[in-house]
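Participant: Take a look at what Swiss-Prot says about it:
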ACT_SITE  Glu254  active site
ACT_SITE  Cys288  active site
BINDING   Gly231, Ser232, Ser233, Asn234, Thr235, Gly236  NAD(+) binding site
Amino acid sequence: MNQLEQLTPLTQTQFIAGQWLAGKGPSFSSVNPANGEVIWQGLGADAGQVDAAITSARAAFYTWSAMSLTERLVIVEAFAEQLKEHAELFARTIALETGKALWESRTEVGAMTGKIAISIKANAERTGTVENPMPGAKAFIRHKPHGVVAVFGPYNFPGHLPNGHIVPALIAGNTVLFKPSELTPKVAELTMQLWQQAGLPNGVLNLLQGEIATGKALASHKGIDGLFFTGSSNTGHLLHQQYAGQPGKILALEMGGNNPLIITEVANVDAAVHDIIQSAFISSGQRCTCARRLFIPKTANGDAILAKLLTSTAKIALGDPFAETQPFFGAMISDKAAAGMVKAQADIQAAGGVSLIELTQVTPGLGFVTPGIIDVTDASPLADEEHFGPLLKVYRYTDFDAAIDEANNTSFGLSAGLLADSETDYQHFYRRIRAGIVNWNKPITGASSAAPFGGIGASGNHRASAYYAADYCAYPVSSVEAQAVSLPASLSPGLVIE
C-alpha cells in the first residue's frame, strides 16, 4: 500500500490500540461551512470504546515511557517529516473543513512543524536532569510523565493547537487520548494517519471521535491522569469544577478572552489600522487572542484612525477558501456560529450600541459573515463574554487610565495590546494591564511559540500549547542517592545503633 492509498478517506472513525474501528455511539458529520457540503460522516465513540482506549493507553505507557528520549524523538521527528511531505494535503483539509482561507491554512501546517522543534528544545531545557553533589551521596532532579492524559482540541486551529499538547506529552513519555472537536473530525483523522505512518507504537496515541457524550465519558474517566484542554471558557470552567476535588490529576486549560486593544497617539495611521484589522478580523475573528474591544481616544488622531479603519474594513475581501485570488478570510466554522454573531450584534444594539459597519451573514445556511464594528461608548454595561467572530466593539475615551481600567474590567486575561508612539505610554500600560500576552505596536493575535502562551483569570491556568507545555507534561522528582547504605560518623542525640 503506497502513502497516497493510506491517506484515502476511512470508514472507521476511531483509532484504538493501533486499529481503525467504527464508532458505536451516535452518528455525526462534518460540513464544509463554505458550501454546505457534508465532507465526513461517522459514528462517535461510546463509553465502552473510551474505556478500551484508556486501557490500551495504560498498557502502552509502560513501554513508551521506558524508551529513551532519543528513541521517542525519532518517532516525533518522523511525524514532522510526514507533516512536511503532506503539507499541502493537510492545509487543504483544514481549509475544506473549517472554511479558513487556504493561505492561512498553509501557515497553520508550518506552525505545527515549528512547534515540534520548539517542544523538543523545551523538553531539554525545562525538564532535563540536574545533578548536585552532597556529602556521601548525590542529589538529582528528574522528571517523570504523568501517565495517560487526554487532549481536547478546538476547531479553530484543529491541527496546530492539539499538536501543541500532543507532541510535548509524547516527548515526555505520556500516552494520549485525543478527543478533537466534533466540527473537525477530518483533520483529526489525517493527523492520526500521519502519526501512524511515523511509526508510533500501538496504544501510544488513541483517537476518540464524537460529540458531547464522548467528551464527557473521557473527561470523567478515572483511568486518566490528566487532561489538556484548549477551547471555550464555559467548557473549561466545567472541567475545572469537575477536577476540583482531584488534586492528583493535572489539568491544563487554555481558554478564550475578551481582549482589549488601546490606542493613544500613533502618527502612522495606515500601520495602526493594519494592526487593528489583523488583531480583530484575522481567521474571521476566530482566534482566542483576537481583539474584541478597541479603545480609541477622542482626538483628531483617534478620529483619523477610526475613519480609515471603517473604510478599510469595508474593503476586506472574504470568500471561497480555495479561490485563486485569496480572500483575507473565508467562512466561520458553521452556519450556527455565523448566526450567533448576528445575534450577538443585535443584543449589543439593543443595549445601545451603534453599528458603524453592520456584520451580516452573507448566505443563510453557510458560514460567511462580513466584519462588523459597533460603537458601545454610550451603551449600557455589556456582559463580559467572548464573541468568537469578526465583531469589534469600539470605546471612545478621554482618559488613558480610565481606558485601562475598563480594559481590565473583565474576568478574562488572555491578550492585550497598545498602539502608541510613546514608550512611556507603553510602560504605563504594561504595569497596569492584566493579561498573559501583552504586545506593543504589534497585532495582539501575534504570539511566539518560543514563549509562554496563555492567560490569567477565566482565560486559563497553564501556559498551554507552547514552550511552557513541557512543565505540565511531566512532574519533577527529587532524589538523594548513594551506592550503598552507610552509617554516619556521628549519630543524632538519643540514638544508639547496637
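Glycine is treated like the rest: Cβ placed from N, Cα and C.
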Participant: Which recorded positions (Gly231, Ser232, Asn234, Thr235, Gly236, Glu254) fall within 10 Å of Cys288 (active site) by Cα distance?
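Facilitator: Gly231, Ser232, Glu254, listed in sequence order.
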Participant: Neighbour count, 10 Å Cβ-Cβ cut-off, for Glu254 (active site): what number do you get?
Facilitator: 28
Participant: Starting from the Cβ centroid of Gly231, Ser232, Ser233, Asn234, Thr235, Gly236, the recorded NAD(+) site, name every other residue in that chain with its Cβ within 8 Å, sequence order please.
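Facilitator: So the additional residues around the site are Phe229, His237, Leu238, Met255, Gly256.
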Participant: For Ser233 (NAD(+) binding site) and Glu254 (active site), what Cα-Cα distance in Å is obtained after rounding to a whole number?
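Facilitator: Cα of Ser233 (NAD(+) binding site) to Cα of Glu254 (active site) measures 8 Å after rounding.
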Participant: Taking the Cα atoms as reference points, how far is Glu254 (active site) from Ser232 (NAD(+) binding site) in Å?
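Facilitator: Distance between the two Cα atoms comes out at 8 Å.
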Participant: Cβ neighbours within 10 Å, counted over all protein chains: which one of the binding-site residues Asn234, Thr235 has the most?
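Facilitator: Selected residue: Thr235.
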Participant: Look at the binding-site residues Ser232, Ser233 and tell me which residue has the greatest number of other C-beta atoms within 10 angstroms of its C-beta.
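Facilitator: Output for this query is Ser233.
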